[in-house]
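Trainee: Checked Swiss-Prot, it gives:
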| type | residues | note |
| --- | --- | --- |
| BINDING | 72-78, 95-96, Gly122, 177-178, Asp180, 208-209 | GTP binding site |
| BINDING | Thr77, Thr96, Asp119 | Mg(2+) binding site |
| LIPID | Cys253 | S-geranylgeranyl cysteine |
| LIPID | Cys254 | S-geranylgeranyl cysteine |
| REGION | 1-51 | region 'Disordered' |
| MOTIF | 86-101 | motif 'Switch 1' |
| MOTIF | 119-136 | motif 'Switch 2' |
Amino acid sequence: MSRKKTPKSKGASTPAASTLPTANGARPARSGTALSGPDAPPNGPLQPGRPSLGGGVDFYDVAFKVMLVGDSGVGKTCLLVRFKDGAFLAGTFISTVGIDFRNKVLDVDGVKVKLQMWDTAGQERFRSVTHAYYRDAHALLLLYDVTNKASFDNIQAWLTEIHEYAQHDVALMLLGNKVDSAHERVVKREDGEKLAKEYGLPFMETSAKTGLNVDLAFTAIAKELKQRSMKAPSEPRFRLHDYVKREGRGASCCRP
């Protein structure tokens, strides 16, 4: 398989069409989409050669667009920086304005998978901007802050928005972030699990500060999308829920 390469610098995405999960409703399997040639339609795969942040060149076999969504202040930018750079953004909180993105290439079972990860603004005034970016997303990580009950209560509103603007087969995962702040926790783990079960979503708790489950969340999504786009007929189906439960349990000893 010949690998594509892209120079790293900032870029933009192109919108497309939609639908999604309902409480206790079945969700169809997503056939993940790899990058294809420059003649692909605007609502189709990401394009090879699309610029990304940083210097140097990324070599990859397939690429997918992953969006982080949720209320302002839930830690989307910190989670992304932790995964991309292995660092924690401590200090003054600065809200994302509009939308931004970073790229990272993972080795998934011998396949170079490029994740183009979009960090969205959670404030209401930027919603019309972020709506357009839902449409060609292959996966969405929906975050709430375990120390902020309102951000958890708003998850259903986010799911309604996703249902309206995202593709019906988008890969979706629910993340309860900031579990390092145990003394400030107001949303129990069981509440997150219950909501995720109601909507049929994989779920885990994360910490951008300690790194708990951050790599796991993105790796699980990369595995799911890679298999959707490249699964051989004889290859067993990758089960995202089972993988998250199995691998997440190994990190339980580190939970605050």
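Each Cβ is built from the backbone N, Cα and C atoms, and glycine gets one as well.
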Trainee: Mind giving me a neighbour count for Cys78 (GTP binding site)? Other Cβ atoms within 10 Å of its Cβ, every protein chain shown.
Mentor: 22
Trainee: Among all the protein chains here, how many other CB atoms are within 10 A of the CB of Asn177 (GTP binding site)?
Mentor: 31
Trainee: Under a three-state reading of DSSP, tell me whether Cys78 (GTP binding site) is helix, strand or coil.
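Mentor: Going by the DSSP assignment, Cys78 (GTP binding site) falls within a helical segment, counted as helix.
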Trainee: Suppose we draw a 10 Å sphere around the Cβ of Asp119 (Mg(2+) binding site). How many other Cβ atoms does it contain, all chains included?
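Mentor: Its Cβ shell of radius 10 Å holds 20 other Cβ atoms.
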Trainee: How does the model score the motif 'Switch 1' (86-101) in terms of mean pLDDT?
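Mentor: PLDDT averaged over the stretch: 68.
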Trainee: If you count other Cβ atoms within 10 Å of each one's Cβ, which of the binding-site residues Ser72, Thr77 has the most?
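Mentor: Going through Ser72, Thr77 one by one, the largest Cβ count within 10 Å is at Thr77.
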Trainee: Taking each of the binding-site residues Lys76, Lys209 in turn and counting other Cβ atoms within 10 Å of its Cβ, which one has the fewest?
Mentor: Lys209
Trainee: Report, in whole Å, the straight Cα-to-Cα distance of Thr77 (Mg(2+) binding site) from Lys209 (GTP binding site).
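Mentor: Rounded to a whole number, the Cα-Cα distance is 12 Å.
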